[in-house]
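**Q** Could you have a look at this structure, given as structure tokens, before my questions?
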Amino acid sequence: MSLPEAYQLEIQALNKQVLQTCPSDILQFCADFFNSRLATERAASISLFRDRGTPSPRFPPSPTNPHFGMMSSQFSSPFGANANPFGGSSSNPNPFGGSASPMSSSVMHRVVEEDESDNHLAPGGSLFSGAFGGDASTEAPPTLRAPPTTDSYPAQYNFSRRTSVSAESLKPSADGFDNWTPPYTDKTPEQVERLKYAIEGNFLFSHLDDEQSAQILGALVEKPIPARGIKVISQGDAGDYFYVVERGSFDVYVNDCGFIEPGPDGLGNKVGTIQAGGSFGELALMYNAPRAATIISAEGSCTLWALDRVTFRRILMESTFARRRMYENFLEEVPILSSLTPYERSKISDALETQKFAPGDVIIHEGDPGHSFYLLESGEAAAFKGEEQVLSYKKGDFFGELALLNDAPRAASVIATSDVKVATLGKNAFQRLLGPVEGLLRRTRYLGVKTGVEEMDPLHTQ
């Protein structure tokens, strides 16, 4: 049994388009091709009936969608929400109300002409035998079909088949699947001091600890500016670098329109000059916002140090993720918090604040009200009742956890015996995150809430 000639012609036309276009998504391409052919044929049929002054025929639903009906060429295709991934836009409106056909307008025009002059029956041609052959007036007028309403379509009729998303990849390496290390550029001690001075007053760096600051300073890359008049950043461009001026000066220009215009005055008005030790472009470390000004070197032999947004955020993320894991491990060892779920421990870890103490500094005073709980991140400390040392603390130890239960005065003082860094959490912050501690204690029937609790913490009043 041979295939119908009309079918062979359609397949040949499809093969020709595939060879010319080489689409990456063959199913989408074929669907667009046949939908376009169907729309072209039916649009031509409707136009023919309109020219003859006869009512348009009632087309049957598409075999691929029972809700698919047409009265004109302007209807909504299930692919209408997508841009055509196989070619540019066509000058002719797409009868599917969305993406352009994979065929160019000239190909579409040629297909229409071929259809009009072709003696072979196209797919669905038998449906119009009464209209195309003989006297249409001798037959009963075809039944008209009202345009379909949006309620008749499936809920996701125009749902996008595919969506592309692009973003910067920021995955912590502490999970063990990435060996990323921060970039590092050698600098002299004098350069490090100048750079540290330049960033210490910037709000983006004010919350960094010593380790993060050292990584940020090490990641700065030198950018020599050899001549005067070199444009470092342009107003309106997307920002992705933060700059610190080590040597030289840079003029700042702002155009009220928000971008550089052609002409001698296109830079706008000069609003200031950035000298050595200054910085600019810090907003680029948070998001790629358009530059608010144009920066141009005001002299030759200038030196800049640059830091890109991805490195900055990756350094913060790596250190923050590692510190959170450390805090969570510490919190697992606190008896009063043993009933917390991993999610609750994670919330507390994010709320902990870091404090530093030099050797000999008093962390808490005997007799003071207890408002905070402490985790020892690094260093060593000792607890004293009067002049007598009663306990010593090392990395990972904790003290003052009963401050989460009540505000009883401290029973002892804790003094740093070396450089100490502690993570602290107040009772108010704890209750704001997880509610009253008493509820957590009830979950594990924590013994000692009313009796024997003083044995849990040497800093509790005897």
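Here the Cβ of each residue, glycine as well, is placed from N, Cα and C on the backbone.
Here the structure is a predicted model, which means the values were calculated and not measured.
Feature table excerpt (Swiss-Prot):
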type     : residues : note
REGION   : 54-203   : region 'Dimerization and phosphorylation'
REGION   : 79-157   : region 'Disordered'
COMPBIAS : 80-102   : compositional bias 'Low complexity'
MOD_RES  : Ser164   : phosphoserine
BINDING  : 204-333  : 3',5'-cyclic AMP 1 binding site
BINDING  : 336-453  : 3',5'-cyclic AMP 2 binding site
**Q** Across all protein chains in the structure, which of the binding-site residues Val221, Ala238, Ala289, Ala351, Ala381 has the highest Cβ count within 10 Å?
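**A** Counting every other Cβ within 10 Å of each candidate, the maximum falls on Ala381.
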**Q** According to DSSP, does Ile336 (3',5'-cyclic AMP 2 binding site) sit in a helix, a strand, or coil?
**A** helix
**Q** Express the distance between the Cα positions of Glu366 (3',5'-cyclic AMP 2 binding site) and Arg323 (3',5'-cyclic AMP 1 binding site) as a whole number of Å.
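**A** Each residue's Cα considered, Glu366 (3',5'-cyclic AMP 2 binding site) and Arg323 (3',5'-cyclic AMP 1 binding site) end up 29 Å apart.
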**Q** For Gly426 (3',5'-cyclic AMP 2 binding site), which DSSP three-state class applies?
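**A** Going by the DSSP assignment, Gly426 (3',5'-cyclic AMP 2 binding site) falls within a strand, counted as strand.
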**Q** If you skip the near sequence neighbours and keep only those at least six away, which residues in the chain come within under 8 angstroms of Ala306 (3',5'-cyclic AMP 1 binding site), Cβ to Cβ?
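**A** Correct list: Leu220, Val221, Glu222, Lys223, Tyr241, Phe242, Tyr243, Val244.
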**Q** How many other Cβ atoms are found within 10 Å of the Cβ atom of Arg323 (3',5'-cyclic AMP 1 binding site), counting all protein chains shown?
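**A** Arg323 (3',5'-cyclic AMP 1 binding site) is surrounded by 20 other Cβ atoms within 10 Å.
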**Q** Calculate the distance in Å between the alpha carbons (Cα) of Ala411 (3',5'-cyclic AMP 2 binding site) and Ala238 (3',5'-cyclic AMP 1 binding site), and round it to a whole number.
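**A** Their Cα atoms are separated by 57 Å.
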**Q** Please identify, from the binding-site residues Leu204, Ile336, Ala411, the residue with the sparsest Cβ neighbourhood, meaning fewest other Cβ atoms within 10 angstroms.
**A** Leu204
**Q** If you count other C-beta atoms within 10 angstroms, which of the binding-site residues Asn255, Gly272, Gly396 is the most crowded?
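**A** By the 10 Å Cβ neighbour count, Asn255 comes out on top.
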